[in-house]
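Reviewing the structure listed below.
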Amino acid sequence: MRKIAVLTSGGDAPGMNAAIRAVVRTGLDKGITVLGIERGFDGLLNGEIFEMTRRSVADIIQRGGTILRTARSEEFKTEEGQKKATDILRVFGVEGLVVIGGDGSFQGAKSLSELGVKTIGIPGTIDNDLAYTDYTIGFDTAVNTVLDAINKLRDTSTSHGRASVVEVMGRNCGDIALYAGLAGGAESIIVPELRFDIDKLCKTILEGKKNGKMHNLIIVAEGAGKANDIAKTIEKVTGVGTRATVLGHIQRGGSPTANDRILASRMGNRAVELLLEEKSSRVVGINDNRIVDMDIHEALSIEGKFDEKLYEIAKALSY
């Protein structure tokens, strides 16, 4: 293995830069040339490829986003686009490709591996929705971003005796809502994995009001409901003033936490090691604080891993 390349694809996540840094510096330490591909698979199709050095990744471990930038590509989803991508990699002499991203990015890596490209995937997505790994890069930072916001919302909700409904990211996975809700002492956590009863929630809010409760904090994953709709219903049924807050893309930004920087560094290092071991079509993950790897087809076939025990703990501590 003499030359490898790295790209970031799909939605950005804090810690991607730390992973890029680890891939580049591990590769250079092993005497490998490392190329950077800008703007994901779209940039690959346009030949946006350059050689990276140690200076290329200096002072980026603390930065959010991705220095390689990211984009989505409709052309790459076609057989012709994937064949074009493999030809471009061959022209540049790339013998191994590291793909940092989420489920869609891994699907792209899988397609390239089936065309003979040696690929390794690193999970970078704030949603934590890849079931084969305990945590994905960016998740911890996103949870802490949400926690900071709900701490502030709790202050103003208490002052006014209101309820706050906070909508966070998570179309199919409620982990951000669950972890931030538990850490922030939310009274209710609404996730796509579990059925939600608005009438029961309103009844609980009324009981709390009768017992002197000064505020209510409800966290909802975007795939489970809309904060504005839930807030309107709560206010109409209970008479309690209720405000909705949609945190949106702020959850993707910001300097990564120590946990995300360390996780990304470990995963990036292992990805290069796997290529040097002549392994391909693998994804890196973490289980029980051990860096592991798995066949990409198997990893993508594993179903969701929602932690119902953690949810029950949050529920027990909520009122």
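Here the Cβ of each residue, glycine as well, is placed from N, Cα and C on the backbone.
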Given Swiss-Prot lists ARG72, SER73, GLY102, ASP103, GLY104, SER105 for ATP, the same-site residue among GLY11, GLY15, GLY161, GLY170:
GLY11
Per Swiss-Prot, which of GLU114, GLU187, GLU222, GLU273 sits in the substrate site along with THR125, ILE126, ASP127, ARG162, MET169, GLY170, ARG171, ARG243, HIS249, ILE250, GLN251, ARG252?
GLU222
Which candidate from ARG63, ARG69, ARG90, ARG154 does Swiss-Prot annotate alongside ARG21, ALA22, VAL23, VAL24, ARG25, GLY185, ALA186, GLU187, LYS213, MET214, HIS215 at the ADP binding site?
ARG154
Out of the binding-site residues ARG72, GLY102, ARG171, give me the one sitting nearest to ARG25 (ADP binding site) by CA distance.
GLY102
Site of maximum Cβ density within 10 Å, from recorded positions ASP103, ASP127, GLU187:
ASP127
Using a 10 Å radius around each Cβ and counting other Cβ atoms from all shown chains, which of the binding-site residues SER73, THR125 yields the largest count?
THR125
What kind of secondary structure is VAL23 (ADP binding site) part of, going by DSSP in three states?
helix
